[in-house]
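Enquirer: Just passing along the structure, written as structure tokens.
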Amino acid sequence: MMTYNGGREGLQFRRPSPTKEKLHKKPGSLTESPPQRVKARSPSPSSVHLEKCHLRVPGGTLGSTMVSTSIPVVKALRSSVSDYVNYDIIVRHYNYTGKLNISPDDNGIKLTSVVFILICCCIILENIFVLLTIWKTKKFHRPMYYFIGNLALSDLLAGVAYTANLLLSGATTYKLTPAQWFLREGSMFVALSASVFSLLAIAIERYITMLKMKLHNGSNSSRSFLLISACWVISLILGGLPIMGWNCISTLSSCSTVLPLYHKHYILFCTTVFTLLLLSIVILYCRIYSLVRTRSRRLTFRKNISKASRSSEKSLALLKTVIIVLSVFIACWAPLFILLLLDVGCKVKTCNILFKAEYFLVLAVLNSGTNPIIYTLTNKEMRRAFIRIMSCCKCPSGDSTGKFKRPIIAGMEFSRSKSDNSSHPQKDDGDNPETIMSSGNVNSSS
């Protein structure tokens, strides 16, 4: 806008105020902004796309807000996925925990690993024969023996998983991606968890059987399949938690020394779970012995002195059997539990015993070799069928006498079903179920 102050010198140009400029602005005037500025402000195709995407998000106000929030999320997802296939992570975590030991001697398999593999082979063969014995013997196709078969299957998989773990250890460990490492450790964890849960399922089934004093009832099959399914579902969930995100890939300070990619909180959680399982098994077997002892005392008041003394002797034999079952389980698993608790409490590179974890782990795997002896070979019928399978003799699946004998689990022999009792009647000894212990086995005749 031009103003005249008088004379030629008074001719000056003054910029109008913003309000006046808006009122007097005309096309082509001197105050019109250059075209290139308007062109520069036009949105690009990418910004238009982001703006359209932003409009679909409720509560959003600016497209820049969406850009600032969405890009970090995408980067986080990409980084988390890439971590599972990054070979350097294994080396970094093993180096942090002090387990990184790359030397020319590690290219082969150590002597201790060879011994452990031979032990695993024995465990695998032992449980294969147990499964074949149950499969080929028709009288063992009963709900109670499903627990024995499930225990043998989990112990078999534990032997296979630990063998694979040993073959993929040493220098081969540093050639694995974190995803492969989680599969290696998780498969063994699932198998061992299923074995422990199977022991708990057997204890639960035996306790329920002692309460009802019946081996077969209407809900027995459904209860068996429910317990077996629960064993595997819970084991898969527990074993899959690290690969689903409960790990220490991004936090080195929280890593375990025994299992360098596992979070210490996860180790503590699993140790707590298995400790509770151990206590539950101990309590259930103590309750089983208490029930048998109580019913044997009732016989003392109903029967003569000779039968009462025999009952007390067999109660002592049952107590020995229960002690063996619990002692073997505790001896195999307690050292590993203590080591894992020590792993949670120790700072990195301070507890040298944590670098000898394979000896504690193989002791837990040995429990998979003792289970067939305790839970299977204590049954005379299964032992005979087991020997027939091993000797490859084609003998009849049933007993040669055709008489059904009471099945035994963990040294405890239980009553037959009502259908079995009707086909093989027994002498009734009273209104209440009679409990007789013979040869360390509990015979509950109804």
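Sequential numbering from 1, following the chain as shown.
Yeah, the Cβs are placed from backbone N, Cα and C, and that goes for glycine too.
Nobody curates TrEMBL annotations by hand; they come from automatic prediction.
Here TrEMBL flags 1-48, 414-446 as region 'Disordered'. Residues annotated as transmembrane segment in TrEMBL: 114-135, 147-168, 188-204, 225-246, 266-288, 317-339, 359-378. The feature domain 'G-protein coupled receptors family 1 profile' is assigned by TrEMBL to 126-375. Positions annotated as disulfide bond by TrEMBL: Cys248-Cys255, Cys346-Cys351. The compositional bias 'Basic and acidic residues' annotation in TrEMBL covers 415-430. According to TrEMBL, the feature compositional bias 'Polar residues' maps to 435-446.
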Enquirer: Provide the three-state secondary structure of Cys255 (disulfide bond) computed with DSSP.
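Expert: The three-state answer is strand.
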Enquirer: Please work out which recorded stretch in 147-168, 225-246, 266-288, 317-339, 359-378 has the most C-beta pairs separated by under 8 angstroms from the transmembrane segment (188-204)?
Expert: 147-168
Enquirer: Name, in the order they occur in the sequence, the residues of the same chain whose CB lies under 8 A from the CB of Cys255 (disulfide bond) and which sit 6 or more residues away.
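Expert: Once residues fewer than 6 apart are set aside, Cys255 (disulfide bond) is near His93, Tyr96, Thr97, Cys248, Leu261, Tyr262, His263, Lys264, Val348.
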Enquirer: Are the transmembrane segment (359-378) and the transmembrane segment (266-288) close, by which I mean at least 3 Cβ pairs under 8 Å that are 6+ residues apart in sequence?
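Expert: As far as Cβ distances go (cut-off 8 Å, pairs 6 or more apart), the transmembrane segment (359-378) and the transmembrane segment (266-288) do not touch.
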Enquirer: If you count other C-beta atoms within 10 angstroms, which of the disulfide-bonded residues Cys248, Cys346, Cys351 is the most crowded?
Expert: Cys248
Enquirer: Could you find out if DSSP has Cys351 (disulfide bond) as helix, strand or coil?
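Expert: Reduced to three states, the DSSP call for Cys351 (disulfide bond) is coil.
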